[in-house]
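TrEMBL annotations:
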| type | residues | note |
| --- | --- | --- |
| BINDING | Asn88, Arg89, His186, Ala187, Tyr188, Asp258 | beta-D-galactose binding site |
| ACT_SITE | His186 | active site, proton donor |
| ACT_SITE | Glu331 | active site, proton acceptor |
Amino acid sequence: MPITLEEEIFGLAVNPFTKAPEMVRRYTLSNSNRMSISVIQLGAIIQSVRMPDAYDKVDDICLGFDDIASYVSTKAAYIGGTLGRVANRVANGEYVVGEKKVQVTKNFQNKYQLHGGLVGFDSVIWEVVQKSEDGIVFRHVSAHGHEGYPGTLTCLISYWLDNENRVGVRFEATTDRHTAVNISNHAYYNLAGHGAGFKGLAEHTVEIAASKIVETDDAQIPTGQLINVDDTVFDLRLPVLLGDRLMQFGESLIDGYDNCFVVNGGSVQSSMNMVAKLVHPTSCRVMEVWTNQPGMQFYTANNLPDEQSGDVPMIGKDCTHYVKHGSFCVETEKFPDSMNHPEFPSIFLEPGEKYVHEVMYWFKVEKSWNCCSNNA
């Protein structure tokens, strides 16, 4: 059975540049294994990922919303969104090129920039420029000076699905003058089901092929150092139970994972390698992360509502509550704040060059006896 592409109207969103309402469509790719991925034009957001478990029960394993208004009202969580021009943090909202200081917007406590600024790539309506049997391509042109960044940046995002349950995402960008680019995606997953919460997440095992992480200060701004993970909660080189590891954070200022793990030897690769593997033994669902990027931000939804402490609930698809430590993000990227650290892999892009970031999520179902034996 070939891959199928379904197109439908998702809702109306206000274009942040023209202030006019525009129709937003949802595109769903489905394969012969009853797996599907849905992406909407707003933010090129991954709105849904559905797959069966070992017992043929199909669940949505990606957090998201049923309407545009919910995405707008929860913008600060970047649920499923594309992050850019520069994902993660820019210290003090500035960087220096030659003798010129570039000042970008500060959208986080007026201290630094986070995930591209006030109107990042998660907030724009992406144009669909290509539809094929197994994929779809979105395009956005970011104007010179937007959020403070120099250069007109032309961006393409390609999504594809195959019958091996592999979901591919390819980010490309070109510029007409020197600029900074570090695009990523902020989808939240829970292999037990998007509404399984902390109980479901705690049952996962996680493995990340990284011997170092990017050291950060209390504001999560990189210090410029890479630190070894030996004998720390960040040593995930062998599978560990996520619930047990989260308990070890205790009363830490950042009480969960929100760290850039150094993968692929800390440099951009010519091809994709597997850098992480997450398993939910109960359902036997497996997610492998493959990328050509040098970093991966692993985040355990530390800032989603803590309903036990009285936070206002976040209501997702099918009236599901999304909670703190109820999902995870695997954001492949170059290191945060790289423009202020010449020792990090460069995120600068020149005219005539092409930025290429590839990531593949390989979803598998390991039969119960294999699943259990691999994660005992």
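Glycine is treated like the rest: Cβ placed from N, Cα and C.
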Pairwise Cα distance for Glu331 (active site, proton acceptor)/His186 (beta-D-galactose binding site) [Å, integer]: 6
Densest Cβ neighbourhood among Asp258, Glu331 (recorded positions), 10 Å radius: Glu331
His186 (beta-D-galactose binding site): tally of other CB atoms within 10 A of its CB: 23
Ala187 (beta-D-galactose binding site) - helix vs strand vs coil (DSSP): coil
Cβ-Cβ distance under 8 Å to Tyr188 (beta-D-galactose binding site), same chain, at least six residues away: Cys62, Leu63, Ile79, Gly80, Ala301, Tyr322, Ser327, Phe328, Cys329
Max pairwise CA distance, angstrom, over record-listed beta-D-galactose binders Asn88, Arg89, His186, Ala187, Tyr188, Asp258: 19
